[in-house]
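A.B. asks: Before I ask anything, here is the structure I am working with.
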Amino acid sequence: MNLDFYKKETLIRQKFPIPASYLKYIAIITMLIDHIGAALLEREVWFFYEKYNMFDSIYTIDMILRSIGRIAFPLFAFMIAEGAIHTKNIQKYALRLVIFGIVSEVPFDWAFFDSPFYIENNNVFFTLAIAVCTIMCIDKLKDVQFKYMLSDQQIAGGELVIFALGAILAQVLRTDYGACGVIVIYVIYKSIQMGKKEIGFIISIVILVIMCGEIEKWAIFGLLPVYLYNGKRGKQNKYFFYIFYPGHLVMLAVLRNIIFR
């Protein structure tokens, strides 16, 4: 009976394979839906429609958009973890995230806080960069284990310290998702290495619900594409997301100012 189950499972994955490019597009689309709610409805429409006793319906629409948007971050976290494992140069990978974090910060602040400089919250690229740097440092620690005759206990302790520092740094810098984001990415990273990506994804959602709120439970719908992921890149533009992220934030900020100013 178990054999039949595994045959069916394999057949499903073979029949509906999803490459990394599809995961990325799903994440981008759900992120855009989420940001329409965050940048337009929550920033402006709530207050505009409240005058006409339409707050409840607008709130419902916003919650639908934000709930759909919960799918985005865990998928991005999964792809970042995959990228950290398969990249040829993790230092360049981390640097690219930092550079686009800097590029995206003004659009991020403008879209969500109506200000070109808002130091209380910083965009998700910095969260992703810190997570990749954390993974990079932990991997380097493991690389020197035999050189310096370090015990497994010392390596585990060092890994915990580096992991904690990465999470604390994200929280101190007030990056999007903060410490929670770094924790989620690292949990998924470890689960992929262990061949348990689905379990890691589920654990990451539990962490998000505990640390970021109940609405994060809707991220569970991202489990299906992760389950069907075939480990292949698929057809994609390497820099599409890097350009789309600040670009769509500028678009939302401009749109809000045209409509509501």
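Positions of Cβ are set from backbone N, Cα and C atoms, glycine also.
As annotated by TrEMBL, transmembrane segment applies to 21-41, 61-81, 93-112, 124-141, 201-227, 239-259.
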A.B. asks: At a C-beta cut-off of under 8 Å, are there same-chain residues at least 6 beyond the transmembrane segment (239-259) that contact it? List them, or none.
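C.D. replies: Same-chain contacts beyond the ends: 24, 28, 32, 35-36, 39-40, 43-44, 96, 100, 103-104, 107-108, 110-112, 114, 123, 125.
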A.B. asks: So which residues does the transmembrane segment (93-112) touch in its own chain, when a touch means Cβ under 8 Å and the partner is 6 or more beyond its ends?
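C.D. replies: Counting only partners 6 or more residues beyond its ends, the transmembrane segment (93-112) has Cβ contacts under 8 Å with 35, 38-39, 43, 83-84, 87, 118, 121-123, 125-126, 128-129, 132-133, 136, 242, 245-247, 249-250, 252-253, 256.
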A.B. asks: Which residues, given as numbers and ranges, are at least 6 beyond the ends of the transmembrane segment (124-141) yet have a Cβ under 8 Å from it?
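C.D. replies: Residues 73, 76-77, 80-81, 83-84, 90-91, 93-94, 97-98, 100-101, 104, 155, 158-159, 162-163, 165-167, 169-170, 173, 175-178, 181-182, 185-186, 189, 245.
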